[in-house]
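Colleague: Not my notes, these are from Swiss-Prot:
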BINDING   77-84, 141-145, 195-198  GTP binding site
DOMAIN    68-353  domain 'tr-type G'
């Protein structure tokens, strides 16, 4: 039985063996001891000898613990709020790492890509598995940079709970709002951790108020800080009326003590904590009827007598219902408050069985999983992160991909430890692991055990659909909600060092696209050049860097350009005929259509059929027409940018017998392009939400600079000693802004960007842009 397999020989692998060693019975520990010796001797050892009977059951419970003991969580926040540092401390205190990683030193576990370690930011979410007090925690560290919003979206899709990390001196920041909205969309329960309580300017009350005001959430204060800024030395457990103090002489924060608050020694702190606990009890009672009955009945006279366990259970229910969010505090960098955060994760966030996933009823215990991330490994090929919702997955078994309608074989299952992986013999519901051997599975694909299982689930969904909705919707309901991929806002050309290297570049880009669906690659039809489309300057830069590091290709990037869109302003009709003979076969088709603007903002064209043709069209002809429309809308007449906010109506389609659907599509595309050229047109440019945090002394030059960039200031807020400028600015005007802002403010300011919408350019700016693009200025 191949229970565990070691793929590399290094110190971190030995660390992971220590981790398993701590959880096993004596016989398994002896086996692991022998295995560790083999690793130290440099051997690739494939099985654990001596695992029999109950020991194998013990190993099974280690690899796949009871579902009630599993927590699938993510850490999310604004950039620089301390997500990765918090993750590193969590791993250290859980016993999964043997030393403290530091973002500034570039030795963190979850930031495993070279670019991440150099830049001090998290780009790809690294999944890590560890145990804490009998619970299995699958933790995913997500990026806070706006260019990597898709990574956050991708991971929230498979989480059961999340920890939102805040900088206690800044409160809710721009990217926090974005991630919070994403968590709301996926109905992910969460708890808040006010980090950096040791930082100068840290304010617990300010941070809590910003959660209440900006996130419209109801904070449950489970802790109070003991001191703020440099005076921060511990926290008060409001639920248990205890104080937690960390030993100032302890280097790693493991040495702390929990003491009850007493009237004699802490009268002021006890009074403050009692008031906070009473307020917490009243708040939870307002949100949970079961708890309200308990409080009003047995403990109405004296809240002090209410057992902490009863309050914790009620907080757990409220958190799951997402009617409020527990709030804790600490300083990950100073090693304070992380262990109580781990306790809160197991206590208040849900297990997989506590989340209500409606689609599980259709699978009746069969395998149902979601592929939520793809990585490429040089030795093992594609590694697919998989969340198992029901059933079981084993190595050397076939699976069916519903999205791709294909069958593949899983060769291995791996337990992820950032870029370190341990092979496991099976994976049960609620768990997250890596699969090896899936060549065609991509991000967002739904995985089941077989095609027959998918058909059986489809029949059950259809029966349910007949009760609740139209029959033609049940097929879509079979697919798990995939990952919403945003449209790119930047693009540039990319060239290999020589034409001989073009196939290598194509392969690298294909692999990177499978890993990162927000990266789009297309071929410029005029120049024949390869074009990269991405979410921001940093995104494109990282891709360029990865091609060099991972694929050994020195590529050349063209100038970074903004991804504009086009729209028409009036209705226009056009007719076209395509008459072509290929071999001895004549293809003849005539089409008449109308293009008109629509008010709803959509990149996809609205396709309509006039009553005179709607009943006569075959399904193949409809598909050919729609393919032609979509093809024409990819390139507008002004800049070759996508055309949005357009409706296309088919009025007539005359097809000569034997005409291929490809020719029909070509004729429709040419006809629609003719209509678009005749219509009045405008260019739409991406508008970015902008938030600049700057000290008072530099506010004026920052505002003056934004005015020159066509910026529109909506609000200027005060945040401690800083000013926060909130507004929006065209993306074209903000390229390279980080360098300018650094110069204007002597490096003291920060900013965050997020795509707001696409807005019509004024005629003067549009004329200038067209002149620049066509080489007239």
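These residue numbers are counts, starting from 1, taken along the chain as shown.
Even glycines carry a Cβ here, placed using N, Cα and C.
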Colleague: Grab the pLDDT values for the domain 'tr-type G' (68-353) and give me their mean, rounded.
Modeller: 85
Colleague: According to DSSP, folded down to helix, strand and coil, what is residue 77 (GTP binding site)?
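Modeller: Where residue 77 (GTP binding site) sits, the three-state DSSP reduction gives strand.
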Colleague: Quick one: give me the count of other CB atoms within 10 A of the CB of residue 83 (GTP binding site).
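Modeller: If we count other Cβ atoms within 10 Å of residue 83 (GTP binding site), we arrive at 28.
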Colleague: Return one of helix, strand or coil for residue 83 (GTP binding site), based on DSSP.
Modeller: helix
Colleague: Counting only residues 6+ apart in the same chain, whose Cβ is under 8 Å from the Cβ of residue 197 (GTP binding site)?
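Modeller: Non-local contacts for residue 197 (GTP binding site): 168, 204, 225, 228, 229, 232, 329, 330, 331, 336, 337.
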Colleague: A 10 Å Cβ contact count, applied to the binding-site residues 77, 80: which residue has the minimum?
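Modeller: Output over binding-site residues 77, 80: least Cβ neighbours within 10 Å is 80.
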